[in-house]
Amino acid sequence: MIASHAILLGVNIDHVATLRQARGTRYPDPIQAAIEAEQAGADGITLHLREDRRHIQERDVALLRDVLVSKMNLEMAVTGEMLAIAEKYCPEDCCLVPERREELTTEGGLNVTGQLARITEACVRLKEAGTRVSLFIDADPRQVEAAAQANAPVIEIHTGHFADARDERNRRKEFQRIVEAVKRGREVGLQVNAGHGLNYQNVAAIAALSDIVELNIGHAIIARALFTGMQSAVGEMKRLMREARE
């Protein structure tokens, strides 16, 4: 499954906003981070507007719409409020994710099979607004097939279980689940992206899967940027992804 075509990088800027919100200041500015990420080669900017507004604020979404050169991938829960916000700002991409207020970060994939009608309706609304929909799902063929039934053109495979595996046996097991989910996604005609928990040590294995179009990575890049700067951190991730396809 290794190929030479390029793989895209969406840089998630949520944790720049996390640092800002920790003190309620105007800095660091996630908008500046997005601009620097683009200058370093990011193919898109991802941000998650959570219901509790713990990091990204609606104002950030509005400002980014005016300055992004690449594309916006807005992550959000499947709620009436969030759908209305997406319809207001019309991001190029919108990734529907599960959300629980008590979680530190998104802990698992969307249960598409358990709420097919609701997610299908959300996909219709977003498509009518001119936004391409992605569903963030676990590496489960049943969820992949349900995503296709919901008429979502894109899925993002949750790579967190692979990234968090404590030993090589479990890591191989989770990797194989991803491989099978990617294969099933292509069989049912979906674009397949991936993300969550990817870092400079584990990204190559996922980036080497030729049927994956885009990786969305945030925490590892922002953490590296604290020491090396945003452009260097993004550039290094792009290099690792590119080399995995060579």
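Residue numbering: from 1, along the chain as shown.
In case you wondered, yes, glycine gets a Cβ from its N, Cα and C as well.
As recorded in Swiss-Prot:
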type	residues	note
ACT_SITE	HIS48	active site, proton acceptor
ACT_SITE	GLU75	active site, proton acceptor
ACT_SITE	HIS196	active site, proton donor
BINDING	ASN12, ARG23, GLY197, GLY218, HIS219	3-amino-2-oxopropyl phosphate binding site
BINDING	ASP14, HIS15, ARG50, HIS55, THR105	1-deoxy-D-xylulose 5-phosphate binding site
SITE	GLU156	site 'Transition state stabilizer'
| field | 3-amino-2-oxopropyl phosphate site span - longest C-alpha distance across ASN12, ARG23, GLY197, GLY218, HIS219, in Å | value | 25
| said: At 10 angstroms around each C-beta, which of the recorded positions ASP14, GLU75, GLU156 has the fewest other C-beta atoms nearby? | reply: ASP14
| query | Of the recorded positions listed here (HIS48, GLU75, GLU156, HIS196, HIS219), which is spatially closest to HIS15 (1-deoxy-D-xylulose 5-phosphate binding site) when Cα positions are compared? | reply | HIS219
| Fewest other C-beta atoms within 10 angstroms, as judged across HIS15, ARG23, ARG50, HIS55, HIS219, which are the binding-site residues | ARG23
| request: Take the Cβ of HIS196 (active site, proton donor) and count every other Cβ within 10 Å, whichever protein chain it belongs to. | output: 26
| remark: Fewest C-beta neighbours within 10 angstroms among the binding-site residues GLY197, GLY218 belongs to GLY197
| query | Taking the Cβ of HIS48 (active site, proton acceptor) as the centre, how many other Cβ atoms fall within a 10 Å radius? | reply | 22
| Given the recorded positions ASP14, HIS48, HIS55, GLU156, HIS196, which lie within 10 A of GLY218 (3-amino-2-oxopropyl phosphate binding site) by CA-CA distance? | ASP14, HIS196
| Using DSSP, would you call HIS48 (active site, proton acceptor) helix, strand or coil? | strand
